[in-house]
Structure formats: structure tokens, C-alpha cells
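Comments concern the structure below.
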Amino acid sequence: MLTNIAKKIFGSRNDRLLKQYRKSVARINALEEQMQALSDADLQAKTAEFKQRLADGQTLDGILPEAFAVCREASRRTLGMRHFDVQLIGGMVLHDGKIAEMRTGEGKTLVATLAVYLNALAGKGVHVVTVNDYLASRDAGIMEPLYNFLGLTVGVIISDMQPFDRQNAYAADITYGTNNEFGFDYLRDNMVTDQYDKVQRELNFAVVDEVDSILIDEARTPLIISGQADDNIQLYQIMNTVPPHLVRQETEEGEGDYWVDEKAHQVILSEAGHEHAEQILTQMGLLAENDSLYSAANIALMHHLMAALRAHSLFHKDQHYVIQDGEIVIVDEFTGRLMSGRRWSEGLHQAVEAKEGVEIKRENQTLASITFQNYFRLYTKLSGMTGTADTEAFEFQSIYNLETVIIPTNRPVQRKDFNDQIFRSAEEKFEAVVKDIEECHKRGQPVLVGTTSIENSELVSHLLQKAGLPHNVLNAKEHEREALIVAQAGKVGAITVATNMAGRGTDIVLGGNLKHQTDAIRADETLSDEEKQAQIAALENGWQAEHDKVMEAGGLHIIGTERHESRRIDNQLRGRSGRQGDPGSSRFYLSFEDPLLRLFALDRAAAILNRLAPERGVAIEHNLLTRQIEGAQRKVEGRNFDMRKQVLEYDDVANEQRKVIYSQRNEILTSKDISDLMQEIRSDVVSDLVDTYMPPDSMEEQWDIPTLENRLAAEFRLHEDIQSWLKADNAIDGQDIKERLIERIENEYAAKTELVGKQAMADFERNVMLQVIDNQWREHLAAMDYLRQGIHLRSYAQKNPKQEYKREAFTMFQDLWNGIKFHIASLLTSVQIEQNPVAVVEEQPIGNIQSIHSESPDMEELLGQSQTDLVTEAFNPDGTDFSPEALEARGQIVHRNDPCPCGSGLKYKQCHGKLA
């Protein structure tokens, strides 16, 4: 109550921000006539002027009014679109690093140009992030004439681009692309072995379109670059036969073998279930008599069993995945889109493949990963746009430090949102849905029907076919036709069935999207120019009449067949209607068989239903029920927020480690001289080794000199008689021994360096260091995954799992860093440099650098190999023959003192040439 009184007196935070922005709008509008008076050349010259002013010390905020005025006038001339005042406010919100909530149809794509142009003037690059390749290419294509007119370059990142093209796209002033591509490029850049293979620049400023979809809905989905791990494919097939023999419990405490917790999306084996599963596995010969699934030796069996149970109980065809070309393709539960190329982890994808009888592909091992939460927080400045952010404003603020500003519409919203209609059963609900669609179709009113799964969209489609109603289905299976179907969903009498929010980013124009239709005619090569003009003219004349007819029928009618877990998704569906002041309406049809009501609102809602006791087919509309449903949604939203926050808290630990590793890696890549770093590493490793066998402040009787000598000989090929040193000088201590050993190693290393040349040795060091870091980091990620999967069990010992995870992860990271230094020092000091007379061959380019990571050998194995093998595997992962005979047969010649064509950095006579 006090809050409401304060808002009435002082206005809300949103009101105060809008008031400030409107003052800037007035300054921009005051410049409009001045900009209109400029010639094209003078208007274009403004970009160079702004850049010079920034170089002279002026700020982006200082030139904002003029830059926005220039962008608006340039847009009017090149695109035929002038920014409204509310769009200017949206542009300022984006520039300030906030989220602009703008309703559907308010021109978010055009709004972005203002902030993008202003920030691109700084020359550090701007990324415009969209949800799919189509929208990235479309938006870049639409806005490129504007940016080019203003002297700025535009690049687009799409999934199948080559590295060289990606570099060019990122080098542009403005780069459009998807969240996945930006994130994966960041990870790939931190796996390269040559700094010139990187594609991204610094992460400066990003404008995220559909920011709620990317930063909220996909926040729990990490980006992972992986390679195949060793795995027993046959075990998935065998384990797939176990779940049908186990009995599912009706209730958590009921009889049976396992309980499916749909709320938490988990499967829990009961004590009886464990015993039953052990009996089955024993009969199959997978488990020894009287052995337990809990024993350490049977962890893999338990892993496969739980994966099979989850695949059978929680993941359903045409809801969570589809089968396409003999492969399991995941369906995004929020958008209904296919997520080609993505796979579930922890053996789940293989278990689903076994269940469906398709080819089982090996489990993957993580090489690099990052969540969207941590990737987007790497940008110096981040902003976003969406039609629905206010319900998640707290999460945006607490996790991303992004404030949400609600931008008023250019015209008042005329959409009517009717009360929910609730039925006893799903059958009654869908009958009412079809009846509503039929009535709309008769009066020519277009209808968009939203469903929460492919299964339901196909059910609605089947019912519409029975009723003889023509319609389009838009779900993951129709991804290619998505934009076309959505664009024409506003035609007279059109019926479109859409899974979730598929088609976001494409406006539904009442009367149909004229531009899409005219573009299709212009692209038709079978028509002559005269025929094209005639068809376009007829289309334009008929469009206005169709538009007016749809307006009279009430505009676009939205039907929701189910409430989503999040109110935001429901609002997105509603928001497809009533764009730019158009008429429209919306209504949700629910039943007590819907998952949301069944899982979260059943008890109290059922009591209300029993009191009202309607007849079959009669809907209930009651404020109590509506509040109960909204309460259930808030409960689920809170739970999902907690889960995302928990993911972030755990990933923050790995993120800090990732930053250190990537920073060190980048330093190695970019440094011309790493000799000081190498010297420091050798010194640290020798000191640690001596401290291990001659602990500081210990008695001489506690020293283990023989083992120290053996380790030095085995790991560093350093053969020193330390015991004779001690006999010769009673005053010698651990520090003296360290200094002598370090001196010996440095002298030998200096001799090697002189033999091959300082630059060649530096290149060799750099490549070995990067390979060691990548291998050790990969193993560390796997260990962190295992730690995280089991850390919750610490709570049974009255310990805080998060604190335990942080503590153990820190210890593991210290071990990782020590291991990296040890392997680098060991490998490089044990390298033997030989000189042999060799034939001469011609240099050829290095092979695919990326294969170093996918086929990199185990470092422990490398330690026991000869120098020739080491060089061959470290710098020639694909096994190309660089021997003199092979190169001569290929007609290639290299001089004996030239660099070896394998890319090791050594001279040919000291590398593959010595095989001769």
C-alpha cells in the first residue's frame, strides 16, 4: 500500500526514466529539420565527423542526439522508415545497457539501428544477436543499406561459414549472428594454436534480440565443444531392455520399483527397485552374484540404468524430440524449434537412441564449454529487446545487472484479452477450441492457435481436418516454412496452429504480409517483367480490401490450448495480436488434465471445480481459478529461477578457472618471447620436486634422495648424483640443491636453444605448451563434471554442497595448474635435439590446426616417446609423411636448414629430416 502511494506521488522508476529520455527525444527532434536540409554527401560525412570527435575525447553520450538524428534521417532516405519518438527512447535504453520491453510490431529491428550506429562509431565492433540464422540474415539484409549509406560495414555469422569468412564478418563494424554461433566462436578461439586463426575481436557491445528467450529460456543450456569418448555402445542396447521389466510407482510412497517426479524431471529408484534391477542385471550376466550396483566397479552400470529409465519415463517422441533422417533431434521446449546438432549429455541421448532403435553414437567428452549466462557477461556492455521482459525483470537485474524499461506503444493497444475457459477434460477443451476456430473462420477472422508440444499441434490439426477447416501447422517439423506461414497468418480466415512461440521475429500483418508476397513474385523467373508488374499491382489493390475485412472481423484472434509454466510465454503468444494499434483478441482454453494444473494447482482447483460442478462441455470462468493458475505459474517461475541461479553459482566456479586458463593461453599465443615464462616454469617445477623429496624444515634422515634422482632422470633426463653432493659438502641444503639443479637444466636448455635457433625453439615451446594446456584442461573439465554430479550427496553429511564444490574445485584447479607446469617442463627439457645430414625438400603449409585438438595424444604417453615421435604427433596429428623419400615422390623440396613443413618450428634436419 505504501509502495502504491509513493508511486502516485513520485512516479515509478520506469516513469522517471521515460521522463528523462523524453527530454533527449526533444533534443533529437529539434535537429530533424537541420538533418533533412543536408545533402546525401553531407549526411554521410557526419559519420567521419563523429569518429573524429570521439577521437578528440568526446563521449558517445555527448554525440547521441546528433547521431540519432543522423540515423533517423538516413533511415528515412534509404529504408523509407522514420523512427517514432518511442523508438528513439528504445534506442537510448539499448545504448544505456538496459533491456527495452517493446510490444510486438513496434519495430524492434529498426530501434536497434540507433544504438548500433552510435556504438559502432567507436570502432570496437557491435554484435546484434538473434535466435536463428534466418533472422540474422534477414535483419542484416534489411538494415545493410542504412549502415552502408552511413559508411559502416555489416557482417553476418551463420552456422556453415568458413573461418576466413567469419574473420571478415567479425572485422565489420556491425556483426549479426545467433547466440550459438557467437558463443561457439568464443570457445573455438580459445582452442586455436595460432593467434591469426582467431575470428572474434574483443567483446564490446551486444544487442540481444528476443533477450528473454536467450538469457532466460536457454540459460541452463551450456554451449559445449566435445570430442568422442570411449564408450560401450552395446551396453546402451542391453540396458534399454531393463526399464520394461521394472514397475512404475503410482505415488511416491506406493508399491513399485521407481517413482517419476515430473515436477523435478527426475526418476528415483526405490529400495525394492534397486534389488529388482540387480536381479535382472545378474541374470543378464552384467552383475556378479551378491554384487551391488552401489559398488565402485559398477558405477558405469548404474549410470546406464538411470539413463535408460529417464529415456523411457521422461523423454517422449514429438514432445522432447523427433526422429529425422534416422537421428534423434532435440525439440526446444520453449520455442518448439528443432535443435539440430545438439545432444543431451550424461548418456541420455544414447539411451533415447537405443529406445527408438536408431543408430547409437558415442558419448562425447567435453573439450570446452560455457553457459550463455557467463558468455554474455563477458561483453563490456550488454543490452536487449523483447516484447515480454517485465515478469523476469528481477532475474535480469540480479544475474545480468540489466534493468528493464517498459517502452510505451506508439498507438494504444486495442486487443481484448478474454478470461480463461476451464474444462474437466482435455477432450472437452479441444472440442471448444475447434468450435471457437470454426466461428472465427466463418466471419473471416484469422486465428493463431498456440500449443505447448508437437503432439498437441498435430492433435489440433487432426481435429481441424475432421471439421473440414483448412489450416497451416507450424512446429519443429515445419521449420523451413516457418517465416512464410507466420507472414501469411493474418489473411482473411487463415488458421495457423503453432507450437509454443515458433515464428517469433516475424510480424503477423492483418490481410497478409504484402512484402513477402511481392518479393515472391519478383523472384519468380518464369514471369516476364510485365507479368510481374501486373500481378503486383493486382495484389496491392486486393490487399487493402482484405486488410479492411480482417479489421472488421476483429483482427487476429489468439487461442492458447494450455497455460505455459511461465506467464511470459503466455504473454508472448497474446502479443502476436494487436500490433501497432490493430484490433485483436485472445483466450486460453484449459483442462484439469493439463500438466500445469495437474502438477501444481490440482488440489485447490479440484475443490473449486467440485463446488461449481459444471456439466460436460460447459466451461468454468472464475476469478478464484484464474488466481490459482497464476499462483501455480509464479511458483514454477520461482523454481525455474532458482534452478538457473544454481546453475550460475556452480558455473561461476568453473568460469573463474576458465578465465585464468584462457588468459594464460592467450598470453602464450600473443607473446613473441616466452623464454622468461619457460624459465619460471622450469624453476617452479624443480623447486616443487625437490620440496617433495626434501621437505623444508625436515631432518636429513627424512629425505628420499634416491627417488629424487630417479624422478629427475626419468622426467627431465637429468642424471645428477645428489648423494655425492651431500657427502662432499655437509652444509648443503635443499635450497642449494634447487639452485644447482636449475643451473644444470638452464645450461642444457640453452645449448638446445642455440642448436635449433631461438625463434624455432620459441615456436616449438609455444605449440607444446598449448597442447599440454588443452589436454589437461579437457581432463579437468571431465573431473569437474563428475564432482558436480555427486556433490549433492555431501548434504547427507550435513555439509553445504556449494561450499564443498568450491573448496574441492579450488584444490583441483591448483593440481591442474601444477600438472600443466610439470608436463610442459618435463616434455621440453627431455626433448633430444640431433643433427643428421638430410635430403632437401620444399616447404608446404601446415595442415588443419583444429585436428590437433580432436586427435591430441595423451601427455603421459608422449613422455615415453622418442623426440621424432613427439614431433610427429604434436605437430602432424593427421600422420602426413614428411620423410625425404615421401616429399621427393611428391616433387617437393626443402633445404636442410629450412623449417620443417610439419609446423614444429624446428629445422627440417632436426625434425622429420633426421629420419633419413
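Count begins at 1; order follows the chain as displayed.
Heads up, the Cβ atoms here are built off N, Cα and C, so glycines get one too.
Record check: Swiss-Prot places G105, E106, G107, K108, T109, D507 at the ATP site, and the matching candidate among Q87, Q517 is Q87. By a simple count of nearby Cβ atoms, those within 10 Å, the most crowded of the binding-site residues E106, D507 is E106. Annotation for G107 (ATP binding site): spatial neighbours M81, H83, F84, Q87, criterion Cβ-Cβ under 8 Å with sequence separation of six or more.
When other Cβ atoms within 10 Å of the Cβ of Q87 (ATP binding site) are tallied across all protein chains shown, the result is 27.
For the ATP site, whose binding residues are given in the record as Q87, G105, E106, G107, K108, T109, D507, the maximum C-alpha distance rounds to 17 Å. Rounded to a whole value, the Cα-Cα separation of C900 (Zn(2+) binding site) and D507 (ATP binding site) is 58 Å. Summarising the environment of K108 (ATP binding site), the number of other Cβ atoms within 10 Å of its Cβ, over all protein chains shown, is 25. When the binding-site residues G105, T109, C900 are scored by other C-beta atoms within 10 Å, C900 scores highest.
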